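Colleague: Dropping the structure in here first, questions after.
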Amino acid sequence: MKKNKDVLLKNKILKKLNIINIKNLDNIKEKLKKPDWIKIKIPVNTSRIYQIKNALRKNNLYSVCEEAHCPNLSECFNNGTATFMILGSICTRNCPFCAVFHGRPNPVNVEEPQKLSDTIFDMGINYVVITSVVRDDLYDGGAEHFVNCIKAIKNKNQVKIEILVPDFRGRIELILNIFNKALPDIFNHNIENVPRLFKKIRPGANYQRSLLLLESFKKKYCSVLTKSGLMLGLGEKDVEIIQVMKDLYSSGVTLLTVGQYLQPSIHHLPVKRYIPLSEFENIKKEALSIGFTNAFCGPFIRSSYHASFQSHLPIKNNDINNI
């Protein structure tokens with residue numbers, strides 16, 4: 001039975017990656033051994049996890065938790081929280097670190113905003129994170145659909161809404177005007193890593209374009225908190241990390257997340273290095289000294305992990321294990 005499951009999982013991963021070209025992975029003979037601190041705690045009672053999954057399936061919705069193989073899925077689902085992924089489950093880009101399906105996406109589901117709102121109401125949650133696949137096939141990159149989702153959710157629910165958006169191909173003026181119709185409480189766009197590695201890690205993205213999106217949104221909608229995140233372990237240097245944090249802060253970002261990159265499968269980019277806990281603590285100290293209100297740094301930290309906690313509670317200590 002286990003062998004059959006392994007085969008099915010392998011086939012699913014290969015199907016996701018059949019268009020992605022990742023160089024030199026076949027030449028990697030040894031995989032880095034995971035250190036002791038890279039351990040995922042599985043809850044004993046999984047009934048809540050299946051309840052969330054069934055609610056998503058029932059309404060034909062997606063969670064980035066599942067699609068991106070997030071290590072925190074069990075904990076978050078067990079606590080009744082999920083990060084919803086709109087605009088389908090197929091991404092138009094082929095970032096080799098990401099487990100989300102890549103290819104030609106389906107047409108936008110105009111019923112999704114209302115289904116999303118109804119599901120959030122049924123789940124009874126008070127903080128919502130919405131993200132999406134990259135939709136370079138759409139003129140506005142999906143911005144109008146984000147707005148429609150925000151409207152639908154707020155019409156039925158008294159919740160705070162955080163959106164984690166793509167770069168919209170740099171159509172910043174268009175995007176800013178569209179979001180004037182409905183604003184989130186937090187605007188998040190992940191920078192992911194250092195500019196030197198962008199071509200390898202984020203083909204199709206541009207470091208300065210991402211910074212400009214964050215800066216422009218903050219200038220136009222100053223009441224909305226702006227947020228960004230990095231994943232480490234792909235070959236970046238300490239001095240580069242510090243410079244990225246300074247660039248983000250200069251662009252108006254006040255909330256920061258920094259986590260460890262974990263290879264979704266053998267077909268994705270390999271981990272170059274596992275960051276020790278002490279280094280995450282140092283990164284957090286540096287971020288707070290730069291001026292960030294909140295800096296959440298640790299191996300399992302993700303942009304939407306404990307997002308409601310991140311959004312309103314300034315953290316001025318270095319205990320990453322309290323998160």
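Each Cβ is built from the backbone N, Cα and C atoms, and glycine gets one as well.
The annotation [4Fe-4S] cluster 1 binding site is assigned in Swiss-Prot to C65, C70, C76, S304 on the grounds of sequence analysis. Positions annotated as [4Fe-4S] cluster 2 binding site by Swiss-Prot, on the basis of sequence analysis: C91, C95, C98. Here Swiss-Prot flags 77-293 as domain 'Radical SAM core'.
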Colleague: I want the residues beyond C91, C95, C98 whose C-beta is within 8 angstroms of the mean position of the [4Fe-4S] cluster 2 site's C-beta atoms, in chain order.
Modeller: R93, N94, P96, F97, A99, V100, H102, V133, V134
Colleague: Can you tell which of C91, C95, C98 has the least company, meaning the fewest other C-beta atoms within 10 angstroms of its C-beta, among these binding-site residues?
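Modeller: Comparing Cβ neighbour counts within 10 Å for the binding-site residues C91, C95, C98 gives C95.
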Colleague: Sorry to bug you, but what's the C-alpha spacing from S304 ([4Fe-4S] cluster 1 binding site) to C98 ([4Fe-4S] cluster 2 binding site), rounded to the closest Å?
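Modeller: Taking the Cα atoms only, C98 ([4Fe-4S] cluster 2 binding site) lies 16 Å from S304 ([4Fe-4S] cluster 1 binding site).
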Colleague: Rounded to a whole angstrom, what is the C-alpha distance between C91 ([4Fe-4S] cluster 2 binding site) and S304 ([4Fe-4S] cluster 1 binding site)?
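Modeller: Approximately 19 Å lies between the Cα of C91 ([4Fe-4S] cluster 2 binding site) and that of S304 ([4Fe-4S] cluster 1 binding site).
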Colleague: For the domain 'Radical SAM core' (77-293), report the average pLDDT of the model, please.
Modeller: 92
Colleague: Distance between S304 ([4Fe-4S] cluster 1 binding site) and C95 ([4Fe-4S] cluster 2 binding site) at the Cα atoms, whole Å?
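Modeller: Counting only the Cα atoms, the answer is 19 Å.
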